[in-house]
Every structure is written in structure tokens, then in C-alpha cells.
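Presented below is the structure to which this report refers.
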Amino acid sequence: MIDKPEAGKGGEARPLKVRLKKARKLSSSSQKWLQRQLNDPYVARAKREGWRSRAAFKLIEIDDKVKILKPGMRVVDLGAAPGGWSQVAAQRIGLENGRGRIVAIDLLEIDPIAGVDFAQMDFLKDDAPEALKAMLGGSADLVMSDMAANTTGHRPTDHLRIVGLVELAIDFARQVLAPNGAFIAKVFQGGTEGTLLTALKRDFTTVRHVKPQASRADSAELYVVATGFRG
Ligand SMILES: C[S@@+](CC[C@H](N)C(=O)[O-])C[C@H]1O[C@@H](n2cnc3c(N)ncnc32)[C@H](O)[C@@H]1O
């Protein structure tokens with residue numbers, strides 16, 4: 001059950017806050033999630049602007065800052081559902097006008113996006129890289145991964161899973177990227193330290209970390225952005 005939105009005190013232009021009455025059927029974590037969604041300005045903006053996810057704004061911010069997406073680029077989107085990043089990439093590479101290419105995968109199905117070649121697939125399966133390469137039919141200019149493993153609540157396990165996903169994504173990027181290509185991946189604070197960062201610095205001319213404003217401040221999530229693949 002949802003209370004009527006309340007106006008801010010003093011009449012200043014503060015967004016109205018939606019409050020949930022205790023809904024017995026929802027666990028307290030689900031209630032918290034729902035309340036946060038209802039009050040999240042990025043969720044409302046995504047809906048208004050036709051993006052499938054609030055995550056779309058993260059790629060918009062990253063790309064506005066680092067300027068990676070260019071017309072005609074060939075892009076791989078790992079962990080694409082529900083499709084926000086593919087939408088952003090499609091717009092910026094000119095997919096609607098027949099320019100560029102996007103190959104996307106996720107564990108979950110997505111509603112089709114015009115021009116995007118999507119496969120429901122587990123990236124951790126041994127045959128996933130070859131299947132992706134076959135879909136791509138050539139090299140890529142950008143490999144981007146917003147994949148996030150389900151968390152167990154056991155920090156060391158979660159950390160290892162996240163690092164594992166990023167390592168595999170980097171490995172795949174190395175196999176398909178054209179010289180000067182780029183790599184973007186979701187990592188978590190501490191996720192690209194040590195060997196991961198050393199490997200990226202060896203293979204790319206520039207490696208930086210970006211924390212988009214659309215990435216919740218209380219989340220340890222951030223993105224590693226590597227450009228200038230040495231090939
Ligand atoms: C944060 S969401 C991606 C949101 C997306 N970038 C967007 O803009 O709509 C993370 C996605 O990673 C996917 N994922 C996690 N592990 C995966 C795996 N092993 N293989 C493929 N997809 C995976 C999840 O199913 C989930 O849809």
C-alpha cells in the first residue's frame with residue numbers, strides 16, 4: 001500500500017516523497033527496495049525519457065566524461081538486461097541509421113531492441129566467449145560489462161565472484177578488441193586493485209575509475225574505464 005505523496009515543508013520545491021505503509025506480504029528488505037525505487041529521481045527520469053533502466057544514466061555519465069561511444073562502433077554489452085546500456089549505445093553509435101553493431105547477452109531475457117543482437121546466455125559458461133565471437137563476426141571497439149553476481153551476504157565470497165566476472169570480461173575483451181578499443185566494467189571498491197589493475201594498465205594506455213552520480217552513493221559500486229587497447 002502506498003500513502004499519498006507528502007509535500008515538502010516550507011513549500012520549497014522538494015520532490016514529493018512516497019511512503020509505504022507496512023505491506024505484510026513484503027519482506028522488510030523488499031519494502032526498503034520498493035520505497036527507494038519510488039523515491040529515486042533516476043527511476044522517474046528513466047521512465048519519462050524512455051530508458052529501460054536507471055542504469056542507463058550511468059553509461060550516459062561515463063560516456064559524457066570519457067567520450068568513448070562514436071558512430072559506427074561495434075559494441076559488446078555483457079549483462080545487458082533490461083537493456084538500458086544497449087539503448088544508450090544504440091543511440092550514440094547510430095544503430096537506427098544502420099551504423100555500428102551491438103551484441104548483448106544476459107542470464108535474463110530482454111524485450112528486443114531494434115538492431116541489437118541479443119542472446120540469453122550465462123557468460124560464465126565455457127562456450128559463451130565463442131558464441132559471442134560468432135555473433136560478433138569480427139572485432140569489437142568496446143566491451144562493456146554491467147554484470148553483477150547475486151550477492152550471498154558473505155563478503156569474501158561476493159568479492160571473489162565480482163572479481164571473477166571482471167577477470168573473465170577482461171580476458172574476453174583482450175580476445176575481441178580491435179587496437180585502440182575500450183573496456184568498461186562494473187567493479188566494486190577494491191575490485192580493480194592488484195593484479196587486475198596491473199593487467200589492465202599493461203593492455204590499455206589509460207585506465208581510470210568513474211563513480212557516476214547515478215550510482216547510489218551508499219553502494220561500493222564504481223566503474224573501471226580502460227581506453228587505448230594496445231592490441
Ligand atoms: C545491473 S544489471 C544490468 C543493467 C543494464 N546495464 C541496463 O542498463 O539495463 C546486471 C545484469 O547482469 C546480469 N548477469 C549477472 N551475471 C551474469 C552472467 N554470468 N552472465 C550473463 N549475465 C549476467 C544479470 O542477470 C543482470 O541482468
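Cβ from N, Cα, C; glycine included.
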Request  = Would you identify which residue of Asp106, Asp158 TrEMBL lists as part of the S-adenosyl-L-methionine site it also attributes to Gly83, Trp85, Asp122, Asp146?
outcome  = Asp106
Query = Between Gly83 (S-adenosyl-L-methionine binding site) and Lys186 (active site, proton acceptor), what is the CA-CA distance rounded to a whole number of Å?
reply = 15
Query = Around Asp146 (S-adenosyl-L-methionine binding site), how many other CB atoms lie within 10 A of its CB?
reply = 21
Ask   = Which residues of the same chain, at least 6 positions away in sequence, have a Cβ lying under 8 Å from the Cβ of Trp85 (S-adenosyl-L-methionine binding site)?
value = Ala55, Ala56, Leu59, Asp77, Met144, Asp146
Key: Distance, Lys186 (active site, proton acceptor) to Asp106 (S-adenosyl-L-methionine binding site) (CA atoms, angstrom)   = 15
Remark   = In this structure, the one of the binding-site residues Asp106, Asp122 whose CB has the fewest other CB atoms within 10 Å is Asp122
Request  = Sort Asp122 (S-adenosyl-L-methionine binding site) into helix, strand or coil using the DSSP assignment.
outcome  = coil
